[in-house]
Amino acid sequence: MALHLLHLSRGLHAKLVAPLITISKHILFYSVSHTFHQTLSLPPQCHSPPHPSLPQFLQLLKRVSHSSSPASESITLLDDSGFQANRDLICSAIWELREEWKAAFVAFNWGNCYDDEKVCNLMIWVLGTHAKFSTAWSIIGDMHRSSISTRQAMLIMIDRYAAANNATKAIQTFNFMEKFRLALDQEAFYALLTSLCKHENVEEAEEFMLANKKLFPLQTEGFNIILNGWCNITTDIFEAKRVWREMSKYCITPDATSYSHMISCFSKIGNLFDSLRLYDEMKRRGLIPTIEVYNSLVYVLTRENCLKEAIKVVDKMKEEGLQPYSATFNSMIRPLCEVGKLAEARIILNTMLEENLRPTIETYHAFLEVTDYEGTLEFLSKMKGSGLGPNEDSFLIILAKFLKLKQHANAMKMWMEMKKCNVVPSCMHYKTMVEGLVTCRWFIKARDFYEEMISNGCSEDPKLRMIFQKELVDSGDKGKQNVKKVTSY
């Protein structure tokens, strides 16, 4: 089969040099190579059941956090509130208030949770996410003095520094682990590399890995983390190919994961020939392709107008004992929607349903990006019926689509639909509407949305403010000109 597909791809050579495009993050096929590293991308949770009095407690915390009263008075107010400072309530409150770090930190301090490792880790993640690193370090210091393990807390700090695009601080934190009597072992080393790559600091991760090859000998797993960064985070095929050559230089043998990353990268840029070439090479070396490899082949075949061959790959998966899942069908639906082949995409969706596979929110988003007004309503209804939203991202996609098409009336209707779906507009929704309405030259309505955006606590946009001021001046000048014309008669 692989040789047949290679022969087929040669006839498509003109399409193989298609320009690099950005594929939606919703259909990234791979995560990092080690399951431990995956946990760093997720906030630590205490897995507490919802507390019955949580809504009232959250309201009180928000009110206290916005008060100008001293911290001691805030604590006294919480002490006199009748709420009991138990672990479940505090943990749930911190999680629900993860977007409002001040209120979350009030709950943490009131609950006096410095002796609870999981609660501390969650609070550190929240603070790091909001770049409140000094406060986070103070919690780690208290944990260390109380003889509570700070290993996971330090790894969280590394990840949050990387997320803040501060690779230097992330590396310094790794080196600082020894101060807390924590072993700088290979697991922590790979966790650092993974965090750096995940947040697009791939070059820094690669440099650090090579600079420390005496302490941490170069292995396939380390190179796979770097490959994952170039292939699936930044989608830089030139750097990925360079690292592939570096592996050979250091006598590092690629494994199935290495091939998976490279095939994924070639797939995403529409390079059918090299995707199939590496797949064939895998088979010759006795490596077993994973379901992610097949998903990549399905995607690139569909994108390069070889839908029948993509379906044959799905059949091949079944023959080899691999069960296609939602991402497999999304790998066909997404590229079909991107080129406007909605009829074919609907057929794949129906096939997916016939095989008792549930569409994911990514499935519906692929359709929402390209359907007309009636089609958009149809898929919003399907999402509601399947319990998959719609969510904030769904309406960002819809609003951006209609405003790009200068269908401002449909965008306005969808704004009302968003409220019907109980989706609270975020600052990004407001900004998308304002910028789109300005482009459509609906300045009055755009100004109304802008003022509502500011009143809801969103930051002012200097560029938009200047546009409104200029339009106000221009409309005033036009009015004066019209007056002069009338009086001259």
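Cβ atoms here come from the backbone N, Cα and C positions, even for glycine.
Feature annotation from TrEMBL assigns repeat 'PPR' to 255-289, 290-324, 325-359. The domain 'PROP1-like PPR' annotation in TrEMBL covers 257-404.
DSSP assignment over the repeat 'PPR' (255-289) gives 26 helix, 0 strand, 9 coil. Confidence in the repeat 'PPR' (255-289), given as mean pLDDT, stands at 97. Secondary structure of the repeat 'PPR' (325-359), assigned with DSSP and counted as helix (H, G, I), strand (E, B) and coil, comes to 26 helix, 0 strand, 9 coil.
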